[in-house]
């Protein structure tokens with residue numbers, strides 16, 4: 001069976017780059033295709049503190065660079081293109097991108113997830129003009145300004161801490177009366193003198209003329225609304241899996257791809273790893289584990305095709 005590669009990995013986050021390392025170690029011809037920047041969600045981590053083996057925390061960016069260097073050193077090729085379709089004919093996968101086409105005997109989908117949108121007035125209108133989903137990327141534009149963070153989970157807390165080093169006016173808006181983040185991150189957030197939390201509050205609208213100037217808030221207990229002046233709004237209210245390339249694969253009730261313990265999807269020859277798959281806990285370490293398992297399973301699958 002003649003193909004360009006043994007395995008093509010879609011996505012160069014922690015799961016994809018881990019899969020690339022293990023695929024290459026299994027002597028598979030490996031291509032990683034990434035439409036944006038390698039690193040995925042890890043790039044948003046200001047300080048990676050809970051990854052085994054790193055006694056001294058490193059930034060998500062540094063971690064991503066290390067992962068890429070390892071994958072390339074093992075022999076992986078990385079193409080920065082956007083995959084448009086994945087098809088299968090006679091046990092061969094055909095992957096098309098905006099600039100070319102490739103064939104492979106197996107595919108590992110490591111496309112991850114993207115930030116959930118609220119769909120409220122002003123959110124899309126002010127994107128890039130005060131509305132953002134990445135504090136690490138856009139925070140420096142609002143140095144010494146008043147910024148609002150929407151959410152109460154790990155991402156919201158972590159990004160609020162990032163912003164607190166750029167400004168002393170960070171206001172978190174959370175619809176509940178306690179943070180949902182891991183205890184250590186939540187405690188660090190609440191102790192930060194530059195971060196204030198408005199509890200039991202929802203965001204109703206983002207307002208402004210040419211850029212963000214305020215937000216409309218609602219007290220979930222009383223129904224009372226009020227306006228809060230600010231310069232930027234950062235949204236961290238959860239993630240949505242990126243599964244459009246695999247519409248026929250089995251998914252759970254929230255849209256994540258269902259796999260078995262070896263990362264096999266319901267489509268033979270396609271494996272899923274990282275935040276795109278259904279699981280109870282999503283961290284960098286679980287993504288890298290998924291990637292290793294997916295590569296191992298892909299190698300076993302290819303063996304069955306060749307023997």
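Using the three backbone atoms N, Cα and C, a Cβ is placed for every residue, glycine included.
Counting only residues at least six positions away in the same chain, the Cβ atoms of 11, 12, 13, 14, 15, 16, 64, 112, 274, 275, 287 sit under 8 Å from the Cβ of residue 40 (FAD binding site). The feature FAD binding site is assigned by Swiss-Prot to 34-41, 275-284.
Under the DSSP three-state reduction, residue 137 (disulfide bond) is assigned to helix. What Swiss-Prot records for 134-137 is disulfide bond, and it gives similarity to another entry as the kind of evidence.
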Position of peak Cβ density within 10 Å, selected from the recorded positions 37, 134, 137, 276: 276
Greatest C-beta neighbour count within 10 angstroms, which of the binding-site residues 34, 279, 282: 34
Rounded Cα-Cα span from residue 134 (disulfide bond) to residue 282 (FAD binding site), Å: 18
Residue 137 (disulfide bond) to residue 37 (FAD binding site) - Cα separation in whole Å: 12
